[in-house]
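Chemist: So TrEMBL lists the following for this protein:
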| type | residues | note |
| --- | --- | --- |
| DOMAIN | 4-175 | domain 'Cytochrome c assembly protein' |
| TRANSMEM | 21-40 | transmembrane segment |
| TRANSMEM | 60-80 | transmembrane segment |
| TRANSMEM | 92-112 | transmembrane segment |
| TRANSMEM | 124-142 | transmembrane segment |
| TRANSMEM | 149-171 | transmembrane segment |
| TRANSMEM | 191-212 | transmembrane segment |
Amino acid sequence: MSVSLLQPSFFMSKTRSYAQILIGSRWFLTAMAIYLSLWVAPPDFQQGENSRILYVHVPVAWMSILVYIATAINSSLFLLTKHPLFLRFSGTGIEIGAFFTLFTLVTGGFWGRPMWGTFWVWDARLTSVFILFFIYLGALCFQKLSVELASILICVGLIDIPIIKFSVNWWNTLHQPGSISRFGTSIHVSMLIPIVSNFANFLFLTCILFVLETRLLILSFLESSLTEEIEAREGIPKPSSLAVRSKTSDMGGSSSDGWTNLSQSFLSSLL
């Protein structure tokens, strides 16, 4: 079963139906999260209506960290195996994670303006999240130069994750200590449910983007392989090695053998 999961044909056939389920579930979660956040959850007795920003701010902050961990795992696997699928997963994670981290900083600023009197302070947690955002941006830039260098940066940047998590405990910060832990939660259930609903919504969105990105990658492999087969049968000369290398670089890979092997495995799995 574990071997079949790696077969492109198995992935394409299964995700065709699962993607529709994920998309449908996400629309339901979106509607439910909006309803719970705006109409069901009561305003905080101290923060008032401004507390509703936290129903989005907290889930996207969780997602920025969760996506980074997943990206680091895929980057590590790519460095070990040079498999292009791990590279594409890592690249997709960098883009999604950068968006979530930026959204975290923006929503935090809008919440902090009425609560702290300013959009930004060099608080330990804010600073560590700010660093995380620049790690994402650095990885995006390095991908154009060297995918290996971008992967190494992501792996090294993992040190920032525990700093973000425990910064409120290690230093005196404006942020309150964590309200949710393995020992329980100090948040009332009427406010906890909207946070969890929005987190599930963003999690489903991330899964959908990863699935669609992988399907697009496999289809591009299939198109490339079929084009080469047709050209070979019709006697069309192959493009120069420079053109092949350029095409491989545009697809985000550094090893033409990896792309070729994946294309061949996809074709063989269809036979």
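Placed from the backbone N, Cα and C atoms, the Cβ positions cover glycine too.
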Chemist: Cβ pairs under 8 Å with the transmembrane segment (191-212): which stretch of 21-40, 60-80, 124-142 has the most?
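Modeler: Ranked by Cβ pairs under 8 Å, first place goes to 21-40.
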Chemist: Over the domain 'Cytochrome c assembly protein' (4-175), what does the predicted model average in pLDDT?
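Modeler: Taking every residue of the domain 'Cytochrome c assembly protein' (4-175) together, the mean pLDDT is 87.
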Chemist: Out of 21-40, 60-80, 149-171, which stretch has the largest tally of CB pairs under 8 angstroms to the transmembrane segment (124-142)?
Modeler: 149-171
